[in-house]
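A.B. asks: I'd like to ask some things about the structure below.
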Protein chains: 2
Amino acid sequence: MHQLINFWPIARVISVLLLIIGMMMWTGIPFSAYYGESVLPLLYAGLTTITAAGILWLTTQRRPSDDTLPRPADVNIRKREGYLIVALSWTAMVSFGMLPYLYSGMLPDVVDALFETVSGMTTTGASVLTDIEIQPRGLLYWRSLTQWIGGMGIIVLTVAIFPLLGIGGIELFAAEAPGPTSDKLHPRISETAKRLWFIYVGLTVAEGIVLFVAGMSPFEAINHALTTMATGGFSTRNASAAAFPPLIQYILIVFMFLAGVNYTVLYLSLKRRWSEVWQSDELKAYIGLVVVVSLFFTGRIWYITGVPLEQSFRDSMFQVVSLVTTTGYVSADYTSWTPSLTMICFVLLFLGACAGSTAGGIKIIRNLVFFKNSFLEFKRIIHPQAIIPLRLNGQIVPGRIITHIFNFLLLYLILFVIGSVVLSMLGLDFQTSVGAMATSLGNVGPGIGGVGPVDNFAWLSDPVKLFLSFVMIVGRLEIFTVLVLFTPYFWRLN
Amino acid sequence: MHQLINFWPIARVISVLLLIIGMMMWTGIPFSAYYGESVLPLLYAGLTTITAAGILWLTTQRRPSDDTLPRPADVNIRKREGYLIVALSWTAMVSFGMLPYLYSGMLPDVVDALFETVSGMTTTGASVLTDIEIQPRGLLYWRSLTQWIGGMGIIVLTVAIFPLLGIGGIELFAAEAPGPTSDKLHPRISETAKRLWFIYVGLTVAEGIVLFVAGMSPFEAINHALTTMATGGFSTRNASAAAFPPLIQYILIVFMFLAGVNYTVLYLSLKRRWSEVWQSDELKAYIGLVVVVSLFFTGRIWYITGVPLEQSFRDSMFQVVSLVTTTGYVSADYTSWTPSLTMICFVLLFLGACAGSTAGGIKIIRNLVFFKNSFLEFKRIIHPQAIIPLRLNGQIVPGRIITHIFNFLLLYLILFVIGSVVLSMLGLDFQTSVGAMATSLGNVGPGIGGVGPVDNFAWLSDPVKLFLSFVMIVGRLEIFTVLVLFTPYFWRLN
Ligand SMILES: [K+]
Ligand SMILES: [K+]
């Protein structure tokens with residue numbers, strides 16, 4: 001019997017995932033105990049999650065024999081399973097990930113708990129908490145950890161899963177990414193994933209230590225290290241990064257910037273293969289963008305608002321890096337500077353840092369391909385007979401990849417437009433609609449208007465929160481992965 | 001000697017164009033005389049323009065002999081001349097077109113006069129006049145006529161010139177458009193142009209008569225007929241279309257709608273070749289869009305604001321048609337309805353009506369190609385081995401055309417973003433920046449924020465007015481035509 005989707009491997013993956021999530025919850029228990037808070041919410045939430053994982057494992061333990069339920073050999077059907085694994089994994093992670101908030105009563109409303117969990121796991125960092133500092137430390141740690149888990153997950157997704165699914169058209173630029181044949185998958189995924197996790201864990205530990213040495217409490221150092229490397233942006237302070245002294249802010253700038261670099265490039269840097277590092281046009285564009293925009297901001301803030309030069313520079317650099325990397329920490333209210341800087345910050349919500357990092361948004365490489373191609377297009381108009389290829393990292397980019405990227409860019413922008421209209425129909429004003437949509441789709445965190453850097457998402461209605469939760473997942477999974485599930489093509493055998 | 005550009009034919013074209021413009025100015029003299037106003041501004045302006053045309057003709061009368069300045073045989077160089085003809089024609093038309101405003105003192109400031117002229121000739125219809133009704137009638141007629149001239153020019157451009165220049169990727173859908181070889185150009189242009197002008201003039205006359213019969217004064221009927229068919233939107237009333245009774249508004253709706261239809265389709269309708277008319281997917285999408293959005297607006301306005309049903313329907317229909325066709329007449333302040341309707345109206349500023357009409361904006365066909373392709377893209381993800389072509393009007397659209405269209409869409413959107421940032425740096429607030437940019441690039445007229453339907457552009461600073469003038473021309477000439485002149489590729493021999 002030829003069937004559309006084989007649920008057995010999906011169930012296995014989700015079972016393992018839930019086991020990991022449950023055990024992760026328990027790592028927060030020491031914090032609760034140390035700070036004299038109730039350990040029960042995290043204990044029970046972990047228990048529930050691990051129990052669910054066990055039940056799922058046991059009910060699917062007997063692998064279906066090959067003649068009753070054959071493993072699909074058809075690659076199209078395998079792809080379907082890939083999408084469903086991603087979608088159902090997210091559903092499971094979010095459903096169980098919000099249990100600590102619910103059990104503790106920190107966010108008794110299920111919509112709020114869902115929003116905060118999705119915002120965490122997608123590494124968005126938009127929050128419905130109006131006062132963060134009064135919350136139990138153990139739960140704040142879990143909140144930060146959701147981002148770290150999400151960041152780790154997204155590295156695996158972009159480096160290993162998305163290329164298999166043929167999404168986004170950037171697979172060819174990740175030198176270490178596995179090829180399109182699934183036979184090669186297993187050894188290379190585990191090899192690649194090991195390196196990435198090593199870098200991810202290593203940078204997190206390094207940042208935690210540096211922040212602690214620079215004067216942060218161990219608890220805050222751990223939390224901020226977790227949410228920086230995930231480009232998540234949850235803070236333990238109401239004022240976010242503005243609550244910390246300049247030294248800490250500079251440290252955060254450095255690590256936010258590193259978190260936005262392609263992990264392949266980070267790996268090459270670690271191996272001191274500098275000539276290969278500097279071949280990355282995306283890295284150069286990323287550095288150039290951050291430096292140029294930061295200096296422009298510095299000049300304008302210093303000149304117009306009269307803020308001292310060092311602070312102008314620090315605030316500029318911090319906010320530009322925070323927005324471009326889609327981290328979303330806030331060291332200054334960027335909507336209070338000047339109308340033009342607000343506008344530029346709004347544009348930054350879309351850019352995204354390097355592909356193959358934990359950053360959200362469009363990603364520098366896609367923007368770069370678009371801009372390079374636009375310039376070449378003018379050349380092509382003048383010389384219609386000539387073949388004028390687009391080069392990146394010294395290599396010609398195939399037309400197929402360019403088309404994929406254009407598809408993505410347009411779909412991203414049109415989703416932004418549709419989402420903004422939906423939000424305005426749900427009652428938000430113009431600026432809040434576009435701000436909330438841009439920041440959710442780009443997994444940034446703060447927006448403009450009513451969801452600006454010094455506001456939060458608590459005041460929004462339930463429909464808005466649910467819609468934005470969906471948008472955050474759509475953005476995080478590079479749009480196609482989620483939306484394809486809602487097309488008839490997905491559910492048809494042919 | 002091989003030279004980059006041969007200026008001789010360019011000078012000839014501009015000379016003829018200025019002669020026409022000058023004579024068009026004189027057609028306003030009877031109005032000035034009839035209403036007892038001074039005839040001198042139009043008389044002198046026409047005289048100046050015709051004199052300039054004569055001087056240009058005489059100084060270039062002797063065609064350069066073939067050995068000193070050979071006619072370039074290279075098609076690339078011919079294309080360059082095409083672009084320059086378009087750009088310099090516009091410069092000349094605008095420079096002389098503003099003379100009546102300057103000579104009369106109606107707009108003594110040269111920036112204001114330039115803005116109003118560009119806004120007219122690009123058929124945008126944004127105005128710097130704070131009180132229209134006190135202006136001399138002869139000059140208001142000239143103001144309306146600039147739009148009608150611009151509309152006629154753009155039909156020739158889109159049907160005859162742009163396909164030759166290989167712009168926009170919609171050339172293949174205009175059945176009557178000449179092919180890419182310039183040898184075929186001459187007989188087919190004149191044949192096609194004759195038909196188009198017949199329709200354009202015919203519909204203008206028809207509308208003028210209908211408006212007069214419905215109760216408009218002859219002067220106002222003429223003016224509104226001129227600016228409707230150009231999808232221009234200049235009115236002789238401060239309140240725009242809101243100043244007229246329902247019957248007139250319904251008539252304007254019908255003619256605005258017709259002005260937004262592809263002229264090839266209009267021609268086929270005139271010939272009663274209905275089966276060919278109904279093959280146009282763009283026409284169906286255009287009708288569908290207008291009907292669905294209008295009814296949605298009607299429901300919401302009626303339900304939420306309590307305006308009577310007929311008026312809700314009329315205002316909705318009027319504003320939707322006015323914005324989609326990029327005409328820009330105003331029968332109601334669409335920014336005062338609800339936040340979501342403001343947002344949707346803002347989105348409508350981008351759409352544009354059918355290609356091959358006088359409408360500005362992106363055009364339905366490009367939107368249609370994008371949406372169709374996006375849906376197919378999901379199908380392609382599921383079936384990566386299958387070849388899934390995009391069909392329009394029953395025919396497969398080549399990938400090359402799709403790529404052209406995507407280029408255009410992205411360039412349009414990125415110009416909107418860059419322009420909005422520039423406007424915000426020139427001091428405009430967020431909504432006014434995006435509103436002014438969208439409406440100028442789309443040649444619509446009214447925007448949102450400080451340039452909404454009941455505002456005008458008089459209060460903007462000179463740099464803003466100059467920038468928006470440039471943007472209107474960029475939008476009108478489908479971006480590439482103007483911007484290519486600013487690339488180094490254009491000015492290099494190879
Ligand atoms: K974030
Ligand atoms: K217009």
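Heads up, the Cβ atoms here are built off N, Cα and C, so glycines get one too.
Take a look at what TrEMBL says about it:
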type: BINDING; residues: B:Thr123, B:Thr124, B:Gly232, B:Thr326, B:Thr327, B:Asn443, B:Val444; note: K(+) binding site
type: TRANSMEM; residues: B:7-29; note: transmembrane segment
type: TRANSMEM; residues: B:41-60; note: transmembrane segment
type: TRANSMEM; residues: B:81-103; note: transmembrane segment
type: TRANSMEM; residues: B:148-175; note: transmembrane segment
type: TRANSMEM; residues: B:196-219; note: transmembrane segment
type: TRANSMEM; residues: B:247-270; note: transmembrane segment
type: TRANSMEM; residues: B:282-303; note: transmembrane segment
type: TRANSMEM; residues: B:341-362; note: transmembrane segment
type: TRANSMEM; residues: B:405-428; note: transmembrane segment
type: TRANSMEM; residues: B:466-491; note: transmembrane segment
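For each listed feature, how buried is it and what is near it?
C.D. replies: Within the same chain, the residues at least 6 positions away from B:Thr123 (K(+) binding site) whose Cβ sits under 8 Å from its Cβ are B:Gln147, B:Gly150, B:Gly151, B:Ile154, B:Ala230, B:Thr231, B:Gly232, B:Gly233, B:Thr326, B:Thr358, B:Gly360, B:Asn443, B:Arg476, listed in sequence order.
If you look at the transmembrane segment (B:7-29), the same-chain residues 6 or more away from its ends with a CB under 8 A from one of its CBs are 39, 42-43, 45-50, 52-54, 56-57, 59-60, 63-64, 69, 81, 84-85, 88-89, 92-93, 96-97, 99-100, 138-139, 141-142, 145, 149.
Same-chain neighbours of the transmembrane segment (B:41-60): 8, 11-12, 14-19, 21-26, 28-29, 32, 96, 99-100, 103-104, 106, 136, 138-139, 142, counting only residues six or more beyond its ends whose CB sits under 8 Å from a CB of the stretch.
Same-chain residues lying 6+ beyond the ends of the transmembrane segment (B:196-219) with a Cβ under 8 Å from its Cβ atoms: 31, 137, 141, 148, 151-152, 155-156, 159, 225-226, 228-229, 236, 244-245, 247-248, 251-252, 255, 258-259, 263, 266-267, 270.
With a threshold of 8 Å between CB atoms, the same-chain residues lying at least 6 positions outside the transmembrane segment (B:247-270) that come near it are 155, 159, 174-176, 195-196, 199-200, 203, 207, 210-211, 214-216, 224-225, 228-231, 241, 276-277, 280, 282-283, 286, 290, 314, 317-318, 321-322, 324-327, 329, 331, 353-359.
Beyond the transmembrane segment (B:282-303), the same-chain residues lying 6 or more positions past its ends with a Cβ under 8 Å from any Cβ of the stretch are 173, 257, 260-262, 265, 309, 312-313, 315-317, 319-321, 324, 337-338, 340-341, 344, 348, 351, 353-355, 364-365, 367-368, 392-393.
Sequence-distant contacts of the transmembrane segment (B:466-491), counting only residues of its own chain at least 6 positions beyond either end whose CB sits under 8 Å from a CB of the stretch, comprise 4, 80, 83-84, 86-87, 90, 111, 114-115, 118-119, 122-124, 126, 150, 154, 157-158, 162, 165, 167-168, 360-361, 408, 411-412, 415, 419, 422-423, 426, 436-437, 440-443, 457, 460.
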A.B. asks: Excluding near sequence neighbours, so keeping only residues 6 or more apart in the same chain, what lies with its CB under 8 A of B:Val444 (K(+) binding site)?
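C.D. replies: When sequence neighbours closer than 6 are ignored, B:Val444 (K(+) binding site) has B:Thr124, B:Gly125, B:Gly233, B:Leu323, B:Thr326, B:Thr327, B:Gly328, B:Leu349, B:Gly360, B:Gly361, B:Ala438 within Cβ distance under 8 Å.
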A.B. asks: Out of B:Thr124, B:Asn443, B:Val444, which binding-site residues lie by ligand 1, with a C-beta less than 6 Å from some atom of it?
C.D. replies: none
A.B. asks: Other than B:Thr123, B:Thr124, B:Gly232, B:Thr326, B:Thr327, B:Asn443, B:Val444 themselves, what residues in this chain have Cβ atoms within 8 Å of the centroid of the K(+) site's Cβ atoms?
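C.D. replies: For the K(+) site, the extra neighbours are B:Thr122, B:Gly125, B:Gln147, B:Ala230, B:Thr231, B:Gly233, B:Gly328, B:Ala359, B:Gly360, B:Gly442, B:Gly445.
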A.B. asks: These are the binding-site residues: B:Thr327, B:Asn443. Which one scores highest on other Cβ atoms within 10 Å?
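C.D. replies: It comes out as B:Thr327.
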A.B. asks: Have a look around B:Gly232 (K(+) binding site) and count the other CB atoms within 10 A of its CB, chains all included.
C.D. replies: 35
